[in-house]
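Read the structure below first, then the notes.
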Amino acid sequence: MASYPSGSGKPKAKYPFKKRASLQASTAAPEARGGLGAPPLQSARSLPGPAPCLKHFPLDLRTSMDGKCKEIAEELFTRSLAESELRSAPYEFPEESPIEQLEERRQRLERQISQDVKLEPDILLRAKQDFLKTDSDSDLQLYKEQGEGQGDRSLRERDVLEREFQRVTISGEEKCGVPFTDLLDAAKSVVRALFIREKYMALSLQSFCPTTRRYLQQLAEKPLETRTYEQGPDTPVSADAPVHPPALEQHPYEHCEPSTMPGDLGLGLRMVRGVVHVYTRREPDEHCSEVELPYPDLQEFVADVNVLMALIINGPIKSFCYRRLQYLSSKFQMHVLLNEMKELAAQKKVPHRDFYNIRKVDTHIHASSCMNQKHLLRFIKRAMKRHLEEIVHVEQGREQTLREVFESMNLTAYDLSVDTLDVHADRNTFHRFDKFNAKYNPIGESVLREIFIKTDNRVSGKYFAHIIKEVMSDLEESKYQNAELRLSIYGRSRDEWDKLARWAVMHRVHSPNVRWLVQVPRLFDVYRTKGQLANFQEMLENIFLPLFEATVHPASHPELHLFLEHVDGFDSVDDESKPENHVFNLESPLPEAWVEEDNPPYAYYLYYTFANMAMLNHLRRQRGFHTFVLRPHCGEAGPIHHLVSAFMLAENISHGLLLRKAPVLQYLYYLAQIGIAMSPLSNNSLFLSYHRNPLPEYLSRGLMVSLSTDDPLQFHFTKEPLMEEYSIATQVWKLSSCDMCELARNSVLMSGFSHKVKSHWLGPNYTKEGPEGNDIRRTNVPDIRVGYRYETLCQELALITQAVQSEMLETIPEEAGITMSPGPQ
């Protein structure tokens, strides 16, 4: 694909608007340029003031990779394009051997021996005594003293907790099992990666793990602001509040009159270089100024991607992270051996609470396939009996009734069965995403999909609304099951949002057990080939301009304004295994110049979705409206750099299977506690057999994972697909009751339900760290398990932050001596 650097070959577009005075030059690293000898792309716009990443790095986090990040990243991108059939990728460990090169192990052993020889005899004696300790009380006391002052946690509750379960402690000079030099390089790189994620979460008002933030603040001058739940004066929930939130007094779509909407801000909107800009006048001209709304700088984003790409293939860092992950797995197995009976006893002491009546959220499920195949079959038969003469379709300008549609297929209600419906995935869909997509068409006919599971059709989505409401009714009847349904916005026309919101409001499709996410399929190449879009920026305008308009002037989109209050965020969906023919860098065409029929890469979609969402979130927060998060499909298949982009930009992800091949990324996802909604039954039919699914491994190591169904229409058989998912996972992997309840609690924590609702479901203190944030009366998760997870995470974070701090203390005298006598000019 042709590239269009902004500095040459194409004149830069001029816009007759005043730039705001607070903008400063980009501070991205020089290696972020698109290619050798080519001028850098003109930065779209940076945040006001210094770049957050540099402002937030008071320490020297430079490593030996810093000057080579761009070259390493480009080489890895090239390999992912040209060598997709490699048996062992450069960023992963082969399954048969934990270490790729035995030479690396030999050199590491030699370094370890050389360091041990230099130890003094008294140090050796002390290390031996520490190793032979059998009583861990002193270690626990030391750990408790080191943790004092890091928060306002109650010491009494902590003392009680320490007596409740058995701990395993590691003593000695080098507790991590690698030489200090390797630990220092790995710690600096991991801390740098966590700072990068914190910066982008703060920029978009998404959440960031509070425990991780607290440890990073020890290394930073000023903490960044991230998304937090704020309690208003009328929202506090008492400790004895009921588990079920109070019912709404009226339907949320009751008042849809424009006169009841918030006022008009009178701001102007225009998309520039792929991002919506907001101006002080409705019709922007040379006399208006730009409203200060931050979004990520493109040059800085590419530089950050290069840093992370170089990080995940660094040999010593890869070995360090692999060792830490193996340690976490072994430590959890030891914890289970020592405390399993205590956890079970703690659960049995709680009255009227078990796995069946704790809150569970299906955090990854598509609305068009949220029903099982028997449910859809019964609904179609019922529609054929009651609405046979209703006009439901237009074929070549001719209206057709439901009777005529089925007569053209030579079918009657009696002929229909689950087998003729043919919507269930089978062995032929494995690694065939095209055949899986065809399963969305009942009886193989796209016309039936349009009639029954589409929101925009001849009957205004009436049938789809009815079947969704039946699914909602089943969820409400179960009380404790909830779902976050995905609805699609394609970006082909500007009125898609209004049609979707009108469908929800007109048919009153709402339930307290359901929240919405909006998925954007990555299908620009299809629309461009059909001539439906002129360039990629037109697709972005169709997706985001209506949202900005509904935020600036809600009365202009009344249904959309009401609907958005129940939308959690955005999802990016499509087949990740499709080859990408382009690498996203500074030489990539801007959205208005992307007119090729090739599809933009995954990172391109994610960056421009994130940039517009960040601007929109700041505007909506100023108005007191609900903000959004980014929760894409990621890591199901395809190249590993999808997970790199999601680590930087996404609050949660769905699938994450490829993390099993990337120990550095898996360790980073653990430290940042990024939510991962996993669907083993879906993966079993498409990409990975059930027994190879990494979910039990992720869970044992402490990653924030939950179970989800993905597509019950294709993969499940029962009326309760989420319970079916839990049931099979428990039987196959022999999960304990505590494991199941922990998965359910994780699903609520990573969901988009409101703070008040979560306070009822999990307890009013659920935002606190550690066991203080757990209420076993509501979650059925023992404080023992929550305390273990919290202490283990704190120990891992302390390991890397203390290594960085110790290196900083050692270099302070040298740096002070250098700066006191300035060198020659």
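Even glycines carry a Cβ here, placed using N, Cα and C.
Note that this is a predicted model, so its numbers are computed, not measured.
According to Swiss-Prot, of the candidate residues Ser138, Ser478, Ser556, Ser759, the site noted as phosphoserine is Ser138. The Zn(2+) site recorded in Swiss-Prot comprises His364, His366, His633 together with one of Asp264, Asp285, Asp456, Asp710, namely Asp710. Swiss-Prot gives the label phosphoserine to one of Ser136, Ser171, Ser493, namely Ser136. Looking at Ser80, Ser369, Ser460, Swiss-Prot tags one of them with phosphoserine, and that residue is Ser80. There are 22 other CB atoms within 10 A of the CB of His366 (Zn(2+) binding site), with all protein chains counted.
Within 10 Å of His633 (Zn(2+) binding site), judged by CA to CA distance, lie the following recorded positions from the set His655, Asp711, Leu713: His655. Highlighted in sequence order, Ile365, Arg486, Asp571, Val573, Ser654, His655, Ala677, Ser679, Ser682, Ser708, Asp711 have their Cβ within 8 Å of the centre of the Cβ atoms of His364, His366, His633, Asp710, the residues recorded for Zn(2+), and are not part of that set. Cβ neighbour count within 10 Å across all protein chains ranks Asp710 highest among the binding-site residues Asp710, Asp711. Distance from the CA of His655 (active site, proton acceptor) to the CA of Asp711 (substrate binding site) is 13 Å. Closest by Cα distance to Leu713 (substrate binding site), from the recorded positions His364, His366, His655, is His366. Under the three-state DSSP scheme, Asp711 (substrate binding site) falls in the coil class. Across the fold, the C-alpha of His655 (active site, proton acceptor) and the C-alpha of His364 (Zn(2+) binding site) stand 9 Å from each other.
Long-range Cβ neighbours of His364 (Zn(2+) binding site) (same chain, at least 6 residues apart, Cβ-Cβ under 8 Å): Glu484, Arg486, Ser654, Ala677, Ser679, Ser708, Thr709, Asp710.
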